[in-house]
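Trainee: Supplied in structure tokens, the structure appears directly below.
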Amino acid sequence: MPSFNQSIFHPTVFFLTGIPGFETYHAWIFIPFCCLYVIAISGNGMILFVIITESSLHEPMYYFLSMLSFTDLGLCLSTLVTMVGIFWFNTREISFDACIGQMFFIHGFTLMESSVLLAMAFDRYIAICNPLRYATILTNSRIIKVGFAIVVRVTTVVVPLLLLLKRLSFCGSHVLHHSYCFHPDVMKLSCTDTKINSASGLAIVISTAALDSVLILLSYVLIIHSVLSIASPEERKKALGTCVSHTSAVAIFYIPMISLSPVHRFGKHAPPLVHTLIANIYLLIPPVMNPIINSVKTKQIRKAMVKIFLSKLI
């Protein structure tokens with residue numbers, strides 16, 4: 001394999017990585033990945049279609065579920081092109097501008113998912129702790145404002161981070177450790193001072209995903225406190241049952257993220273295979289699992305999907 005250096009390649013071209021050491025089997029390795037992409041795209045697309053077409057699902061809880069499915073769909077599609085190019089066509093090159101564009105969507109949809117999960121936690125808090133005011137608090141206009149605020153938050157956070165990245169110079173290796181462009185991975189390849197970039201990235205993680213996770217945890221502390229005050233065990237079980245799909249979504253989103261961050265910051269000597277596998281799991285597991293969980297655990301979604309399926313079949 002040729003060495004990738006500045007003397008041979010243009011400095012604004014990066015080289016993405018598949019599965020290190022298994023390049024010969026990339027076409028076969030991508031088959032399970034392809035199945036995961038099909039499940040993620042079809043599953044999230046189906047949930048979006050069901051919520052849009054079924055008037056009985058035009059409620060705040062399902063609006064937030066549709067936001068989650070839209071985010072997962074965008075996150076999945078953000079990496080699909082480069083994954084297909086690497087594993088099936090051995091196309092590893094990506095220009096710096098294309099890399100920046102992919103990072104905008106990957107980090108943008110990731111931050112958007114964290115924000116949507118926080119909004120869903122607030123929805124569950126109002127539904128359980130203050131059910132009589134639920135309809136007056138979460139009106140359609142306010143849900144639209146929440147969606148708009150999430151988009152503004154993503155844009156104002158991600159765009160400056162990527163603009164800071166564009167000022168860097170890359171004069172060493174241009175080989176990335178992932179099958180897509182990821183900010184910490186690209187930043188490490190710079191031969192200029194990256195202290196500002198690193199500090200900005202850390203500040204964004206703390207002020208977004210870390211803050212969101214703390215607020216989600218706080219909302220569930222309040223929810224559990226409210227549920228424990230309910231006398232009937234059946235009512236307690238019913239109240240907690242409405243939170244199952246959301247808590248599952250939170251777990252499958254934050255656990256891979258928590259696993260990936262230490263690997264990037266402290267796993268410099270870890271094998272490249274570890275970086276690649278954790279990174280792919282981080283972006284694929286939530287889009288694959290969320291529609292499965294929502295269709296299984298949310299009775300109304302499941303009934304609407306069966307209704308649509310039977311109507312098409314008849």
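For all residues, glycine too, the Cβ spot is worked out from N, Cα and C.
Pasting the feature list from TrEMBL:
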| type | residues | note |
| --- | --- | --- |
| DOMAIN | 43-294 | domain 'G-protein coupled receptors family 1 profile' |
| TRANSMEM | 25-51 | transmembrane segment |
| TRANSMEM | 63-88 | transmembrane segment |
| TRANSMEM | 100-122 | transmembrane segment |
| TRANSMEM | 143-165 | transmembrane segment |
| TRANSMEM | 202-228 | transmembrane segment |
| TRANSMEM | 240-261 | transmembrane segment |
| TRANSMEM | 273-293 | transmembrane segment |
Trainee: Who are the chain neighbours of the transmembrane segment (100-122) in space, where the CB to CB distance is under 8 Å and they lie at least 6 residues beyond its ends?
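Mentor: Sequence-remote neighbours of the transmembrane segment (100-122) are 61, 64-65, 67-68, 71-72, 74-75, 78-79, 82, 94, 146, 150-151, 153-155, 157-159, 161-162, 165-166, 180-183, 186, 208-209, 212-213, 215-216, 219-220, 246, 249-250, 253, 257, 283, 286.
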Trainee: Can you give me the average pLDDT across the domain 'G-protein coupled receptors family 1 profile' (43-294), rounded to a whole number?
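Mentor: Averaging the confidence scores along the domain 'G-protein coupled receptors family 1 profile' (43-294) gives 88.
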Trainee: For the transmembrane segment (63-88), name the stretch out of 143-165, 202-228, 240-261 with the most CB-CB pairs under 8 Å.
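Mentor: If we count Cβ pairs closer than 8 Å to the transmembrane segment (63-88), 143-165 scores highest.
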Trainee: In the same chain, who gets a Cβ under 8 Å from the transmembrane segment (240-261) while lying at least 6 residues past its ends?
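Mentor: Contacts of the transmembrane segment (240-261) (Cβ under 8 Å, skipping residues fewer than 6 from its ends): 68, 110, 113-114, 117, 120-121, 124, 127-128, 205, 209, 213, 216, 220, 223, 227, 278-279, 281-282, 285-286, 289-290, 293-294, 297-298.
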